[in-house]
Every structure is written in structure tokens, then in C-alpha cells.
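Participant: Let me begin by handing over the structure; questions about it come next.
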Number of protein chains: 2
Amino acid sequence: MGDSPASGADTVAAIGEFGLIRRVTENMPQPSTTLLGPGDDAAVVAAPDGRVVATTDALVEGVHFRLDWSTPVQVGRKAVAVNLADIAAMGAVPTSIVVALACPSDTPTAVVTELLEGVTAEAGRVHAGVVGGDMVRADHIMISITALGDLGGRPPVTRSGARPGDVVAVCGRLGWASAGLAVLSRGFRSPVSVVNAQRCPDPPYAAGPAAALAGATAMIDVSDGLLADLGHLAECSGVGIDVQSDRLTVPERLVDVGAALGADPMHWVLTGGEDHALAATFRSLSDLPEGWYPIGSVGASESGVTVDGVPYDREAGWRHWS
Amino acid sequence: MGDSPASGADTVAAIGEFGLIRRVTENMPQPSTTLLGPGDDAAVVAAPDGRVVATTDALVEGVHFRLDWSTPVQVGRKAVAVNLADIAAMGAVPTSIVVALACPSDTPTAVVTELLEGVTAEAGRVHAGVVGGDMVRADHIMISITALGDLGGRPPVTRSGARPGDVVAVCGRLGWASAGLAVLSRGFRSPVSVVNAQRCPDPPYAAGPAAALAGATAMIDVSDGLLADLGHLAECSGVGIDVQSDRLTVPERLVDVGAALGADPMHWVLTGGEDHALAATFRSLSDLPEGWYPIGSVGASESGVTVDGVPYDREAGWRHWS
């Protein structure tokens, strides 16, 4: 990024929509699933299964990210990651994404190209093509992504298949992004490991299809917080879920951050969103694929989610528009 | 909509994301292509062709629409229509859409439900399911849509297949939305036919697959203006295109509006965007399906687009960020 971000010499207004799209899409590698990439009215993507999995999630500047906290690359990666995690949570493998990007006219071209560099990098981690997009003018940066995926002949793993007696398990990090947010909110920039977790999640994409193959009965990605998202799963399945807190090891790094900030790190683990771990239910402990660990069990009652048998008494998870 | 739009009693902040999603999605009809609709991490849509066509386009309040000019229902319809036209321009049939909606916390719930009513209505015109979405907070309303479609075994009709000797043809309205914008910009609200064309286009969705079946060699939807979009087609195909102006009948209504405003209605026809007509090339006149009419021819030179053999000398089409 240059020294004079809004000087007009290299802003999105100066280069224009078509010039920017050309700059961004030329030399962009495409996987074999991309049958027709960017540059036409629409893209064509392979859907070998005969079904396509689709999800959309948007990030807004000042609401979901701040460019004084995150680099444009990190924001682009995060915007893709939250979508790919949803594809994984159905047990599907991502095939492609499309990107709608809104930004002010005086946005430096470099911010846009770096955002899209992040988009391309994160999609590339799972060999998903960036197959299309739209660029529009707005007062703030907003990046809206739709991800598509393929089920490989398997049924989708929904939120509604959990049954009493099932084991509840998790794969991926819990509480890290929330700890990172607490650090950033107080004006600190370290420890980098938790701060970077807030800037960009690292969802265990491959664990979704692996869980589906292993017979997961229900699955969800942890975007709002473990208890909140298990609540969605419990509600959709018409069951209760009890989490055993002694199964949830609080990572040493989060213990340290909690001590430094005077906060309870277990609260981050139980209610922190934005890490996009996967939570799923399995018929038995022996079904759990590598990387998954048990954290609780499914009960018959529709009593929602409890921790060690009792309701958790602190506000659980992230509420939008609050 | 109530009398006190920002009173807080029935705003998106008060009802919350999950309440709003529940209110919008319950009782929403789904076509048979929707294998798993809203309410899970992602949707599952039939892709019988083994390929899926995907496109995304976003509308921003104050840039692409104004709520003092259009009703929320019209904005919702327009946001879908611009995407469905892109699917049609590939020769595909729309199957589904996902919607990311950003709005301020104090947006009346009714505005959101009416927007989504428009979204559902326009998607319903082509039996496409509204299969998923996201709602986020932002300073202005932005609606970002991704549409998916099915090619029914046909090759996609790209922008790059036009060959010298082909006939250039159009299906749908030209210049109406531009005339409507001129009327609205001067503070008028009639004639309603042109004003409504600006508020919400009426693309000839079925004409896209019909053109593909009839052997169209290239196709594009007219979103930026006839000359501008034929320019994209000519560039991608490496050909020149000449438009015969006497083939473009200016509708009487546009003649009247032009006379009233002191504007040249042919300029609207040649350069006005947002009607989302379809423009395509065919091997011969006899290939044109019902509703398509010839407007010019493809030449060998890469001289871009001419009108009656000469370059058109007024600024052609809509430029973003200008």
C-alpha cells in the first residue's frame, strides 16, 4: 500500500471496475472444477454429485473487521473461511466461491487487490476456484461471499440428526478468536497467536467430510459460540445436550491471556465465536475421526444445552444487532 | 410499514437476526430443486446437469437504488432480476438464489420483510428457490445475491463465440430504465411505465435458454447499455459489431418522454443500462427464436462496435465509481 492511500492516483475510482477486475483475475489459477471462470455473465462449475451445496456470509467493515486491526489479506481470508466452514459443516468439499465487494471510490487499489489476494489464498487452501464476482461502490467496505461445495455422493450432515445417546464432539479451536478480540479491544497486539486467531480463523475444513464419512449424525460450525451453536443443533434435533467442562482443556495460551486481562478463559471456550471449529454428534466414541475429541453427550429432553448438568448462567454467544 | 420507522419497537435490532430469519423463511415455498432449504449451515440444491452456473451481483442503497424512488419490494425484485438475467445470458435456467442482506440496526422490520418479499416474488417467477442467506449490520442497506442455474446438458453460451457473418439480435426492452431514471432525476413520478422499468427490470428470462437451444453463438445481458455490452461481446469474440439504427425502433413512450425532457430517446436505447435485455449472435436470421429481433451484424475487424458503420460519439454506457 502506498503512502497516500486516498490520493486518487491509484484508487478504485481511477482504475475503474473493469480495469480492477482484469488486474485481479488475470493469472488467477483455477482448479479443474472451474469449467468457465471469471469474465462472462456467469461462471460454470462442476457439480459431479448432481447436487450443489451453497452458503453465503458477508463481512462489514467496522462490524466484522477493522482495517487498523487486520490487514486486507487477513480480512479476505476470513471472509472466505467463514463460508468454507459452512460448506465443511454439511460434510461437503468446497468447489468454488463468488465474491461481491463493495468499497468507497477512494479505496486504494492495493487494499482491494490485497483483499482479493486473501480471498484467493484461502480458497486455494481447499482448491476452490474464485469463479466470479461483482464490485460496487459503497460508504464502507463489505465483502459478501457465496461458497459452493460437493457432497461426493453422501447425504448432507444437517443440524437435525442428533439422537439421545450420541456423543458430542469437536474439531478445531475454541475461544481463541474471542481471546484475541479481548486483547485487541484493550489496545494490545500480542500474543500474536490469539490476535491472529481473531484476524483470521483456521477452520478444520477436511474434518467436515471426514466426519460425514465416519457417520456423523449432525454437524454445525461454531460461529456464534460453542453453547449457542450446540443450542441450534439441539433445537433442530429436538434433543438436549450436556457439555462436560472437564473435557474442554483450556489451552495454556488462553489461560495466560485470561490472567493478564482478568478474564475467565473457560468463558471464551464455551461462548466465543469466530473460530469456526466444527461440532458434531456421533453414534459412538469409536466413530470419531482423527482430530475430533468428545466434549459431551446427547440427552432425550429438549432442555437445550447444559454444562455439567446445569444451565450456563452467562450470556452465551454473539448476538447480531445488539 | 408503520408510522415510526425507527421507533425501535419493530426494528431489526429488536427482533434480532434469528427472529427475522425465522419470520422470513417460515412458509416460504420451495421448488423441487431445493433439496435442503434455509435453516442449516448451507443449502443443498439439485444440479442435474452435473455442472452449476453461478453469478453474483450486489445493489447498494444510494448507489443502485433509493427508497424514496422505489418500494422495498421493487428493490428486492431488482436485486434478484439482475442476477437471474446473468444466468439466462449463459443459456441456463435459474434453480436457486442465496441472499446476503446488510442494513442498519434501526431498519424497520417491515422494510426487510418487504425486501425479501420482492426477492421471493422475483425468484418465484422462474421457480428458483430462495435457499439461504445472511443478515448483517451496516450503515446502509446492501443486498448481495448469488444465483445458481442449470444448463440442461447444453454448452454455456459465452461472450466469445461470435463469428464474422453472424446476425446480432436482441430480446427485451432497451432504454426504458434509462428514461425512467431521467424522469425520476427531475423529480417526476410518471409515466409509470418508464419509471417502473427503472425501479425493477423485466428481463426475458426464458429467451436465454431458447437462444441457446436455437444455436446462439454468443450472448450477454444488457446491464451497462447496448453499445457497451456489445463492446464486451465483440472484445471477447475478437470481432467487430455494427448496429443498424433503423432496426432499433424507439418505442412511442420513450419518444414522448424524450420530447418532454428535451432528450434524445435513441441515446437511451443505445446506451441505457439496467433493462437487462439479452443480446446474442446467431449464425443466420432464420435461427432467431420468437421474441428476438435482428439489430446488426458481426464483422471481421476488431474495430469494436459501430452504429451505421461509424463509431458512436456519445459516452456509451454506465461507468462504476465515476
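Glycine is treated like the rest: Cβ placed from N, Cα and C.
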Participant: Going by the Mg(2+) 3 site in TrEMBL, where B:Asp41, B:Asp221 are listed, which of the candidates B:Asp10, B:Asp86, B:Asp256, B:Asp264 is also part of it?
Facilitator: B:Asp86
Participant: I need the CA-to-CA distance for B:Asp134 (Mg(2+) 1 binding site) versus B:Asp86 (Mg(2+) 3 binding site), whole Å please.
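Facilitator: Roughly 22 Å, rounded to the nearest whole number.
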Participant: Taking DSSP as the reference, which of helix, strand or coil describes B:Asp221 (Mg(2+) 3 binding site)?
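Facilitator: Note: B:Asp221 (Mg(2+) 3 binding site) is in a strand by DSSP.
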Participant: Quick one: which of these binding-site residues, B:Asp57, B:Asp86, B:Glu274, have their CA within 10 A of B:Ser223 (ATP binding site)?
Facilitator: B:Asp86, B:Glu274
Participant: According to DSSP, which of helix, strand or coil covers B:Asp41 (Mg(2+) 3 binding site)?
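Facilitator: Once the DSSP labels are grouped into three classes, B:Asp41 (Mg(2+) 3 binding site) ends up as coil.
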Participant: Within 10 Å of B:Asp57 (Mg(2+) 1 binding site) (Cα-Cα), which of the binding-site residues B:Asp41, B:His64, B:Asp86, B:Glu274?
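Facilitator: The binding-site residues passing the 10 Å Cα test are B:Asp86.
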Participant: Under a three-state reduction of DSSP output, how is B:His64 (substrate binding site) classified: helix, strand, or coil?
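Facilitator: In the DSSP reduction, B:His64 (substrate binding site) maps to coil.
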